[in-house]
């Protein structure tokens, strides 16, 4: 008996007999069905990580300040310092490699270290600028400016990653930008008019810079996977998350001690409104939430593109105000509801484009298989 041909999910196999032409349609197994939808399942999981991590991290960060937290360096550090929770997953990830991955030349340790350090420095700068911006400008204005990273992301993706734009993708970009922009018209009860014009301008500039830096990080991460890492494994995603956050945490920790801000942390813990245990739990779960966000973002860059990771991040911006209504008893307004609807519409538009691309790929593959069978006959 000859060696059986390996079947890929959804592939139609045709066997041509010597006496008569017989087309055989093998019955798809449950395993083949799972492999066929594996991409969609993984993308959904990474999307959930981004949305849940971003929304939870934002709400916990707000609770930190509302309950008496004052250290901007500590608020910045917890955005990166949660990477140790990912280390155990390195030992549970599948170490097996496919033939294609085995044939790919592994980059040297020095090159990989350079990539992690380079991206870690950018991540540290982004977190610092994000925190400074949030300190000096209202939350709604900050949210609007952060949403501009989608435009920066589209620009960087076009030049660095060769991103192609279709009508559905452009429609998604416009809808998600409008969705986030609507939040600026929603008056925030926590806004303060006591900020001087100089500090307001400083916060505006730092937030714009943070948005551009985050977009650049997404595109550079995709470029690193394409040109240097070239591995389609969970371990590669975890390594990227852990090492770049390790570098960023080290830089921010140095700044925390150099600024002398660490001297006030004991007093901050003692005066925290909900108690010391609540203070520690707030910082811990904030760190875990942002690590989930980081893993989800890198996973989406790896599975789809940096632009898609940016779109999912923008999708999460209107979600945070809605969760604030549920857990922090904020008021739900019509603008927040409209922002949510537009965000979902934009997300569906982008996913529909991937659905069309998937159908096109399957059709081309099916045609190629039919031509191959015809030539053999």
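Note that Cβ sites are derived from N, Cα and C of the backbone, with glycine treated the same way.
Annotated features in TrEMBL:
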type	residues	note
TRANSMEM	44-65	transmembrane segment
TRANSMEM	71-91	transmembrane segment
TRANSMEM	111-133	transmembrane segment
TRANSMEM	139-161	transmembrane segment
TRANSMEM	168-185	transmembrane segment
TRANSMEM	200-225	transmembrane segment
TRANSMEM	237-259	transmembrane segment
TRANSMEM	279-302	transmembrane segment
TRANSMEM	307-328	transmembrane segment
TRANSMEM	334-352	transmembrane segment
At an 8 Å Cβ cut-off, counting only pairs 6 or more apart in sequence, do the transmembrane segment (71-91) and the transmembrane segment (200-225) clear the bar of 3 or more pairs? no
If I count Cβ-Cβ pairs under 8 A between the transmembrane segment (111-133) and each of 44-65, 200-225, 237-259, which range comes out on top? 237-259
Take the transmembrane segment (44-65) and find every residue of the same chain, 6 or more past its ends, with a Cβ under 8 Å from one of its Cβ atoms. 75, 79, 139, 282-283, 285-286, 289-297, 299-300, 303, 309, 312-313, 315-316, 319-320, 323-324, 327-328
